[in-house]
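What TrEMBL annotates here:
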type: TRANSMEM; residues: 35-56; note: transmembrane segment
type: TRANSMEM; residues: 62-83; note: transmembrane segment
type: TRANSMEM; residues: 95-115; note: transmembrane segment
type: TRANSMEM; residues: 135-157; note: transmembrane segment
Amino acid sequence: MADVLNPPSGTSRRVAVPKYEPGVHPRYASGQSTVLGWVQVAAGAAVIVAAITARATYTNNLVIGDIFTGILMTLTGAFGVAAGKYKTTGPIVSLMVLAIVSSTAALIAFFVWVVEVDEVKTNHPHDVAVATVTGYIFVFAYFFDAIASIWSAIIACNVTCCGYRHPGIGIATTGYLHPRGNVTVMFAHSSQSSSSLLPTRVLTCRMDASSRHRPLHTA
């Protein structure tokens, strides 16, 4: 196997290559994750405010569960924003787990409040305005959170357990340009279960017009 410090035979000069850090997923949809995260934070905050208002106005015991669900929604959204910012395994996996739980809770609460909103207005005739507003806040907030949570779980799963898994958990150190335009990249790489560096890996790829690398051969 070639040495990182010595250029391979047939190469002309050293070139810069992309660097990949351990545990970072470059293909993670960070923009979507950030937007969805803020949607979940907003929905969770709306649920918490509506639940506290409802509890203080017409003392419905059902809204106690809504407070905890709103906290879960907000926490899930916070991890979505963090995953979008750092694109690392920890926040992404945490987001996926929380999103699954949050979407399940939101769907259950959504269907409960679709039925409950009219009943609450009937049972509290003196607080119809508050009951109506808070009831519809619950319905719409849970609906949007369920969609955002399912979407967040899908994009998180795409780079972890059920989709594309980024192979470059190694750190590219140097690259050499071949006369025909191919680039040989040499880098030490670490395993997911160990912080120690494994033997050097050699990757030969072609630079296209958009400056992205398409792998041709690995050794």
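Glycine is treated like the rest: Cβ placed from N, Cα and C.
Non-local neighbours of the transmembrane segment (35-56) in the same chain are 63-64, 66-67, 69-84, 102, 130-131, 133-134, 137-138, 141-142, 144-145, 148-149, 151-152; each lies 6+ residues outside the stretch with a CB under 8 Å from one of its CB atoms. Long-range contacts of the transmembrane segment (135-157) within its own chain (CB-CB distance under 8 A, at least 6 residues past either end) are made by residues 28-29, 32-33, 36-37, 39-40, 43-44, 46-47, 50-51, 66, 69-70, 73, 76-77, 80, 83, 92-93, 95-96, 99-100, 102-103, 106-107, 109-110, 113-114, 116-117, 120-121, 163.
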